[in-house]
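Data block below; observations after.
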Ligand SMILES: Nc1ncnc2c1ncn2[C@@H]1O[C@H](COP(=O)(O)OP(=O)(O)OP(=O)(O)O)[C@@H](O)[C@H]1O
């Protein structure tokens, strides 16, 4: 069907770095549309499901050794003849049988359809809670049986380890080796894990390991040099990944879109001690500037500008200074960056301080990223601000964005519950076409009427009332917040009211599994950041479904609608009952600085006519417009980054370098 280079090539991956000419792009689009029409038509999918069911029926009642023989046969044929339709159906049937025997879960027909799309390099949209983890096993196992090394990419380490551990018995039964790679694994552990047939890891881990390989290989990418390295043992000692053959990306919108805004950088220690003094001075000067006299924020607090008075004060402050401070451009740039460190980056929102270290909190997953730091001196500036020990400055060795990295896979597929709005961008950037997979059972998710309040205090009172009502009914409730800071605020308020609750955020990450395990129990209140947003599977205690299942309470909207929808997706999974509701205020982080005049007007209206449907509609639309503007801004940043990377690659190819 399509040719994949496999282990005979030392480091299989796509070899071109460049942006395709527009004619090629149009051709690729037409080809992928045609491919989707041929392979992914409803009738074709249904025919495939029938073929799998037929093969499965043939396996029923057979002795274990005969099933094992069938497995060996299909493995051989897949290796020899590739992923042919006829072999696929038999292989899928074997994986289904293996799953039932080992996990007690039989793939639903819709999951067979999902797996069929994945193994052919499509992006599938399956509702949250429909069982994408199990769906991925079909494509991963079949590709691995055919000799490809597969990487299943998840959004965080917790999910990588959880999914690999839970699915391992199924793969083991099929004779496939499974492993997972965590962020803090040693190079030897990583190298060993990547040798497995199916590896679970995060996008960041995989991309960083690829960058490390590029640094290790330097110019030794020609087949001859690679072969030489293999015989001399240099290859085995240095290279981590087996190449980029087939990746299945879970939560594709988070990894390929949201996280694609920031390039991943490998750096080494560099810079000098004088830089520490420079950072302290920058923060010192920045602390003397006042808003709005000396500096002002741009739209959405994304940018800071000095006013004339600010520039003049800075000139006076730096009058007797030396070195870089004598250069006006440099000093203004340094102070602007220090102002960002002071006012844009906030403790318990963007980072936490733990053990004399500033640790970044991932805005998409709500998790701490222990080995990451901001670039261009921002890390040191924030460390000066927080009064912790300064980490030595670093210099960039290699850098790549997800957009460029994931295009390098020979075969790529993905899945998510929330990707229809970004399907166009994914198709443009990664040439991945979306296929919608229907739910196994109709959804029983209820939406309760939401409400927007003029100020935060009113909102929190309404949130408390809602939590109390749920608790009295015995219904578990998951309260979604945007940051650790807000989660702590809610927690303190509940403590005052004597409401027992659990916290799930980056400061409590060691109790994550325990908190999730209890979140579906009768009367349980869980306050969470984005950490509960993706992949989290909250199982309901017996009897809770009769009380209405889990209730998700959204107390603030995020930078994009998809993150909110993911949080909503924690309830009413697999056809169970569940409900959700939004309680917002116009003092929320997303809108507080958005069109300030309109914000003030709407707040007056909300105070005078809080229950008026029209006013509520206007407030909700205003909130959505802020979200929409941010989504647009982020889309532009991604497009700019990809363009810049293509240009960089083009100029490097002239000088003969790789990164
Ligand atoms: N075929 C099946 N039979 C029975 N239960 C299943 C089946 N497939 C999945 N499940 C169960 O459904 C629940 C949800 O699965 P999973 O977490 O993989 O969903 P998901 O689609 O990845 O959700 P999200 O989009 O939130 O990550 C799990 O408890 C899983 O065991």
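Each residue, glycine too, has its Cβ placed from N, Cα and C.
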Same-site ATP binder from 111, 161, 518, 561, given that TrEMBL records 129, 130, 131, 132, 133, 537:
111
Let me spell it out: for each of the binding-site residues (130, 537), count the other Cβ atoms within 10 Å of that residue's Cβ, using every protein chain shown. Which one has the most?
130
When neighbour density is defined as the number of other C-beta atoms within 10 angstroms of a residue's C-beta, which of the binding-site residues 111, 133 has the lowest density?
133
Neighbourhood of residue 129 (ATP binding site), C-beta criterion under 8 angstroms, separation at least six:
417, 537, 569, 570, 572, 573, 574
Proximal but sequence-remote residues of the same chain as residue 131 (ATP binding site) (Cβ under 8 Å, at least 6 apart):
105, 108, 111, 440, 574
Listed in sequence order, residues not in 111, 129, 130, 131, 132, 133, 537 with Cβ within 8 Å of the centre of the ATP site Cβ atoms:
126, 134, 135, 573, 574
